Amino acid sequence: MSAPAMGTTKTAHSDVAPKKKRGPGALATAYLVIYNVVMTAGWLVIAVGLVRAYLARGSYHGLYYSIEKPLKFFQTGALLEVLHCAVGIVPSSVVLTGFQVLSRVFLTWAVTHSVREVQNEDSVLLFVSAWTITEIIRYSFYTFSLLNHLPYLIKWARYTFFLVLYPMGVTGELLTVYAALPYVQKTGLYSVTLPNKYNFSFDYHTFLILTMVSYIPLFPQLYFHMMRQRKKVLCHVEEYKTE
Amino acid sequence: MSRTTFFEVEVLDGRTRQQLCFLDKVEPHATIGEIKSLFHKSYQQLYPARQDLKLDPKGKSLRDDDVLQNLPVGTTATIYFKDLGPQVGWTMVFLAEYLGPLFIYLLFYFRAPYIYSHQDVFTSSPYSVVTLACACHTCHYIKRLIEAIFVHRFSHGTMPLRTIVRNCVYYWAFSAWLAFYINHPLYTPPSYGDMQVNYALAIFVLCELGNFSIHVALNNLKAEGGPKCRRFPHPTKNPFTWLFFFVSCPNYTYEVGAWASFSVMTQCLPVALFTFLAFIQMTIWAKGKHKTYSREFKDYPHLRMPIIPLLL
């Protein structure tokens, strides 16, 4: 006769959908809804801006300038998400979220903004488009989730579009950093050389190369994590449907 | 002749719930440690230190000294197993973590080939502070090695291999980075000259002595107490231990002090960065320790802070 195990777990299934376990209070939920709606709107503005600029100019070239300001504003605004995790109203890891947001902010300010010469590159359009579509879907996903009224289409989009958008964004990002390299080396941008009072040096050019190299271990991990999430979220729902 | 009810223990994999092992005729007063040894017999690779046994797959791990009949199980106990991965003994851990920086720094001090430019190979710095820094760094790690071998008594037996690799990479890489700048041909000595170096050196030595005193005090505490009698550390006749009046973990306080003074002595930003990161990590450890002490001892002194007197 087997003895009951101590501390039986209450839930039968482990949570698959990104539902909050404890849940933020009503005020926090209201704030998060507003935040996510504003972000969705912001990225829609960027999307519309890109389309309008393309139609006006008739070419893909130099569209960055038409959405430069909203891009900087809304991408930088995503830093708030780190705060949300730190305060606890969003059940994500501070480190993971911080890392993701920082990498975006880094590309926006420390590469694209800082190295003026790359702003005309097509690779910029590549990652901006990828980010725009991803963020519109992601923020609307969060909005609907918070309101407990998530259309399957949005959930499906969130866990499917990344299959193309992720590699697209990564390609755009890597090409942009690569394009920035010669200018950084020539001007010694953000670099400190010896000798100096604090016995410290920093070579931004080398740093950018190391950043590019870091994509090799990081990107597959993130990509396959999303694929596993996709399987859990989308297939799990199908199981429920067939019951 | 008394009849003892024997227990049966089934060990299941925590993730797959597959039965890994079934032990019958287990003595009721057997400890988890003994059960781990029995499990080891069936699985040669999984020595006891690698085994993590729990009554509930999501619950707390069982201790080696837990007795089977005192656990909330019937006569057939279901225990869940997790493989902690290859483990390394603590002494080995510290040797690996400390020998690396010790030798790496010396490679930079003596300007081994391929580090700096060709004409600088095996040259030496004209500044005395560079030699002093090498002496301080080397003595610091020799002291740590001596403590690891002769002074420390470890409560847990082992550490996972992956953690050691990660720690070693961190310590070795950081010591290489800071050694690179201090021993660089273009090194700039401190702005306030000998005064800065001497004051910093004095504080460094005091902190090293303090850190050593605390380690000895903690060690004696464990020796006197024995396994069951748990006491918290007190100030002793040694003035360095008087910091116990103010902090729970003066060893960390002294350690931060030593590295901070080393930063000032070398006026090197990478050293300051290392000190800062070490301070963050040690504060986390100190806060944890402080909480444990406060919870366990009702008469724990209120004046004591975790790591910085009166502040943190």
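For all residues, glycine too, the Cβ spot is worked out from N, Cα and C.
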TrEMBL annotation (transmembrane segment) - matching range among B:143-158, B:239-254: B:239-254
Distal contacts, the transmembrane segment (B:169-187) - CB-CB under 8 A, six or more residues away: 97-98, 100-101, 104-105, 107-109, 111, 115-117, 120, 123, 125, 127, 130, 133-134, 137, 266, 268-271, 274
Residues in the domain 'TECR-like N-terminal' (B:7-83) grouped by DSSP into helix, strand and remaining coil: 17 helix, 30 strand, 30 coil
Other parts of the chain folded back onto the transmembrane segment (B:88-110), taken as Cβ under 8 Å at six or more residues beyond its ends: 122, 124, 130, 134, 137-138, 141-142, 144-145, 148-149, 152, 154, 156-161, 164, 167-168, 171-172, 174-176, 179-180, 182-183
Integer mean pLDDT for the domain 'TECR-like N-terminal' (B:7-83): 86
